[in-house]
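What TrEMBL says about this protein:
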DOMAIN    80-387  domain 'Phosphofructokinase'
BINDING   G87, R150, G151, G175, D176, G177, T178  ATP binding site
BINDING   D176  Mg(2+) binding site
SITE      G177  site 'Important for substrate specificity'
BINDING   T204, V205, D206, M249, G250, R251, E305, Y363, M364, I365, R366  substrate binding site
ACT_SITE  D206  active site, proton acceptor
Amino acid sequence: MAAATITRKLPSLSGDLHHHQNPLEENPFFHPSNGFYITPSDVVLAQVVYDLSADSQPRVAYHRAGPRREILYEASAVKAAIVTCGGLCPGMNTVIRELVVGLWELYGVRQIYGIPAGYRGFYSMEPVELNPKLVHDWHKKGGTVLATSRGGFNLQKIVDAIQLNGYNQVYIIGGDGTLRGAVEIFKEVSRRKLEVGITGIPKTVDNDVGIIDRSFGFQTAVEMAQEAISAAHVEAQSAVNGIGLVKLMGRSTGHIALHSTLSNRDVDCCLIPEMSFYLEGKGGLFEFLEQRLKERGHAVLVVAEGAGQEMIPRSESQKQERDESGNAVFLDVGVWLKSALNEWWKREHPGELFTVKYIDPTYMIRAVPANATDNSYCTLLAHSAIHGVMAGYTGFVPGPINGNYAYIPLEEVAQTKNEVNTSDPKWAWVRSVANQPDFDKKF
């Protein structure tokens, strides 16, 4: 007997809104044909790999993203707000641009506003009126032209501002913390019975947002990381007993470090938050590096910023420190590791030449414009978000699942995390490429 399929229900607006024919019917650039519009029965399976011997397990599906034949908004009545929150990420400006162009050209919306400086901008700054001419070349720029910030999340003030300004569509671009805030905004909007469509567009170079295949900006970050790794390799290779140490972004997940290692054959060891490691003793990092230096005369280490944090000495006040988003403040694992390496070598090999060159490309990686792949992805994300909101869906995130774009309940995405599975073949590939220790046991 075939397993049941459970389709995740999406919140929808109702109230005073009425169904209208999608204006794409009259759009000079579109000629809708059979299969163009998405129906409620079109879904995307959460998994495409199943064990048929366990066929009784229910299969989870999400509504497929795309234009609907009927929409709930009149273009003249739409007042849309777009906000970017949190840290920078390649592609933020592309998403803003495509939201503006998509709303304007596809649906005839003329009231589109950018909220400066993140969540706090809703209640502390004047919105910026946006149009296709203004945002024409934003996709070629790094960062976010709207400006961003961390923190500033005051739920009542934000929803008061949404209500006071008459916004009935809100597009929130941000990472996991931002999406958790979007969930609270959606709930408060629903509690007040406001007919406001809320959607979150997942942004993080770390690729740590769950359920979706990947978040935008990630591929650009991996591509840019190659320059730092190549520079570290040259520095290490040009020194006697040289070590090139590169710290890459990744507070709680090591996807950038993992994929950068797989993309670059010069890395000797990759350290990520999902994997514990140790320095001293048999099977430790120092033993491994000593062997590598004897064999090759140099080595390259890649470490994610969240790796080894539990090993770094810190004061009581440092343990309690939080940033404006409420995240624990991390100490610089690269600086600590460089110091530990130098102390180890001085202790074990006094008088012998040894060099550690430390490269931290964090801001270089996240501040660049998106590459071609991420630009294309950002466009599809933005248009998927617009189609969903115009159809009356709210409290959702658009994103690719197994290569197909879907609408996922916002709360479900905000509660999940995409961590590196060290039992997955990808991590085995990393270890085979670098031939690094597994750090499974301290003897």
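Cβ atoms are placed via backbone N, Cα and C, with glycine included.
Any TrEMBL annotation is an automated prediction that lacks curation.
Mapped onto this structure are the features recorded in TrEMBL.
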| residue | record | contacts (Cβ under 8 Å, 6+ apart) |
| --- | --- | --- |
| G175 | ATP binding site | C85, G86, G87, C89, P202, K203, T204, D206, D208, V209, S215 |
| T178 | ATP binding site | C85, G86, Y119, I172, G200, K203 |
| E305 | substrate binding site | K247, L248, M249, G250, R251, F330, D332, V333, G334, T362 |
| M364 | substrate binding site | M224, E227, A228 |
| R366 | substrate binding site | G87, L88, C89, P90, V205, G217, A221, M249 |
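All protein chains shown were included, and the count of other CB atoms within 10 Å of the CB of G250 (substrate binding site) stands at 26. Around the Cβ of G177 (ATP binding site), the number of neighbouring Cβ atoms within 10 Å comes to 21. Least crowded of the binding-site residues (G87, R150, D176, T204), judged by neighbouring Cβ atoms within 10 Å of its own Cβ: R150.
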